[in-house]
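Asker: Below: one structure in structure tokens.
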């Protein structure tokens, strides 16, 4: 990862007497030795945000683009979708739905192609019925598009990738 390489480079150029702290997933980690960096990065394989402080000065605050579809549910909806500054695509699906399984690889491809430009989430309607009801989801798969916390568009059914790509391009 690019952030990991940058952090290792900074760590090797900084004296061990310096206070080096990185924060990920809301947890702070103080690096006090060269061996500690190896342990820390084993834990960082899936980090999406990093804040680096040296001697109490913020040196780096970076986010990596998430290039895979993440799960959203009733409890995380407001934070991940409504609170997002990046446009959002949400796939409403259920495990028993054949067309949902057909469209899933297309959503995965879009997440990779548009990493950093759009966030892609999937919401299991069986596990999160409140959000599905709130947005009037009556057929699945349904893909909703949000920008600045507002619902902008929807696509119902298993559609070709080109249809979804066109919608994504409209909102990025």
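Cβ coordinates come from backbone N, Cα and C, glycine included.
Copying in the features that Swiss-Prot gives for the protein in this structure:
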ACT_SITE  97  active site, nucleophile
ACT_SITE  100  active site, nucleophile
DISULFID  97-100  disulfide bond
DOMAIN    61-172  domain 'Thioredoxin'
SITE      91  site 'Deprotonates C-terminal active site Cys'
SITE      98  site 'Contributes to redox potential value'
SITE      99  site 'Contributes to redox potential value'
Asker: Can you tell which of 98, 99 has the most other C-beta atoms within 10 Å, given these are the recorded sites?
Answerer: 99
Asker: According to DSSP, which kind of secondary structure is residue 99 (site 'Contributes to redox potential value') found in, if we only use helix, strand and coil?
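Answerer: It is helical.
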Asker: Starting from the Cβ of residue 100 (active site, nucleophile), draw a 10 Å sphere and report how many other Cβ atoms land inside it.
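Answerer: Its Cβ shell of radius 10 Å holds 21 other Cβ atoms.
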Asker: When DSSP states are grouped into helix, strand and coil, how many residues of the domain 'Thioredoxin' (61-172) land in each?
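Answerer: Counting residues by DSSP class gives 39 helix, 30 strand, 43 coil.
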Asker: Which ones in the same chain are close to residue 91 (site 'Deprotonates C-terminal active site Cys'), with CB under 8 Å and 6+ residues apart in sequence?
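Answerer: Listed in sequence order: 69, 100, 103, 104, 107, 120, 121, 122, 123, 141, 142, 143.
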Asker: Test of understanding: give the count of other CB atoms lying within 10 angstroms of the CB of residue 97 (active site, nucleophile).
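Answerer: If we count other Cβ atoms within 10 Å of residue 97 (active site, nucleophile), we arrive at 19.
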